[in-house]
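Data block below; observations after.
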Amino acid sequence: MYVDPQRNNEVRKLNLPAIQKTEIPKKHQQEQSNMNDNNQQVSDEMEIDPDTEQQEVQKQELEQSQIQHNEQTVTTKETQTHTDKPPPAVSTKFLILGKKTSGKYNLTDFQILRTLGTGSFGRVHLIRSNHNGRFYALKVLKKQTIVKLKQVEHTNDERRMLSVVSHPFIIRMWGTFQDSKQIFMVMDYIEGGEIFTLLRKSKRFPNPVAKFYAAEICLALEYLHSLNIIYRDLKPENILLDKNGHVKLTDFGFAKFVPDVTYTLCGTPDYIAPEVVSTKPYNKSVDWWSFGILIYEMLAGHTPFYDSNTLKTYEKILNAPLKFPSFFHEDAKDILTKLINRDLTKRLGNLQDGSEDVKKHPWFSEVIWDKVLARYIETSYEPPIHQGQGDTSQFERYPEEEIDYGIQGEDPYGFLFKEF
Ligand SMILES: Nc1ncnc2c1ncn2[C@@H]1O[C@H](COP(=O)(O)OP(=O)(O)OP(=O)(O)O)[C@@H](O)[C@H]1O
């Protein structure tokens, strides 16, 4: 079981039932090798790529305008890119908020290939559609574990949130189903692996590279907040890179529809905002705090309040001064001071102009936001995907377990997952 030296894994030994996700350490085997060795070093440049798909923006605008409330449907539009097509055995109609995406798939539609990652409640497999031969990711969660870890509501929220969202920098879920022991989510397969892996290999990102990823994530957060969704688990492990090097936010296990405030203590210790640590009511502002921690970690290679003891991490989150390595640019220090701000009335992103204040900050001065959204910015790093769509070279190998999927027997927890 891998314990990342730069992540606080101590929490799994503590009895903090509301933070179950942190009880499981990061399992990805990371080599602390320098990307230079593999000619995979991320570049310093941010350039404009005139060839990137304008069509995707129009599609996103269309899809965003289709996101409505209960009782309505969203029809996805097919484009020329393979991931824009659902496995063809099923309807392309997606029902949202409180409606079902279930019943359209089952295990016989897919071949299960290798494991891509493991999480607290199950694992994610690479799968291949028997109908169109394309690859997808299948997230499998064990009902019993979800119940044991008191994550039923979060799991149902994850499905709900993923069935609502549609954004270039957010993972797309095509549908869900269940058997008597597991629930299943079919998602696009994102070949480039986690930003976490790239960051550990690179040690840290140059300022323009961190800015590029931050800009794409900023737009994803802005979008989620516009739907009153708080993400609550921003960290490099949850940011995947597509084959071109653009980000995809994944793992909506803590995402929640929160029009006003909420109280649940959840997240990953190094990234948790002080108002969450001190169990005060909180809102979207927690994502802007985590956004600051993310930028800090990308630039420094470690988080600002890291401690091997989780309780000390929490103490530091509440009280320690924010210190910067000497190589941080002045405007980076300034945006971080404003994002990683304990005073909610002063935290960037939480002020009157919301995300606009973040986007207008001098650290982002050269960013043309429309071009970022349109994916018109050339990516700093293109994952070396040589084998095409099913390439798994960017993922660690996991020991494969014997799987018992598809059994339709006694189902004591089925009533808790009716939407799947
Ligand atoms: N759509 C995808 N394409 C490729 N890989 C994926 C995809 N979704 C997830 N993964 C891989 O599987 C890992 C686990 O997925 P995810 O974080 O969603 O599971 P989880 O059970 O919620 O995990 P955790 O307990 O760490 O929060 C990810 O970190 C990533 O490496």
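Cβ atoms are placed via backbone N, Cα and C, with glycine included.
Bear in mind that TrEMBL entries carry predicted annotations, made automatically and left uncurated.
In the three-state DSSP classification, K148 (ATP binding site) falls within a helix. Taking Cβ-Cβ distances under 8 Å and a sequence gap of 6 or more within the same chain, K148 (ATP binding site) has no neighbours at all. Positions annotated as ATP binding site by TrEMBL: K148.
According to TrEMBL, the compositional bias 'Polar residues' annotation covers 31-43.
Positions annotated as compositional bias 'Acidic residues' by TrEMBL: 44-54.
The feature compositional bias 'Low complexity' is assigned by TrEMBL to 63-78.
Look at TrEMBL and you will find 110-364 tagged as domain 'Protein kinase'.
According to TrEMBL, the feature region 'Disordered' maps to 1-90.
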In this predicted model, what is the average pLDDT of the domain 'Protein kinase' (110-364)?
96
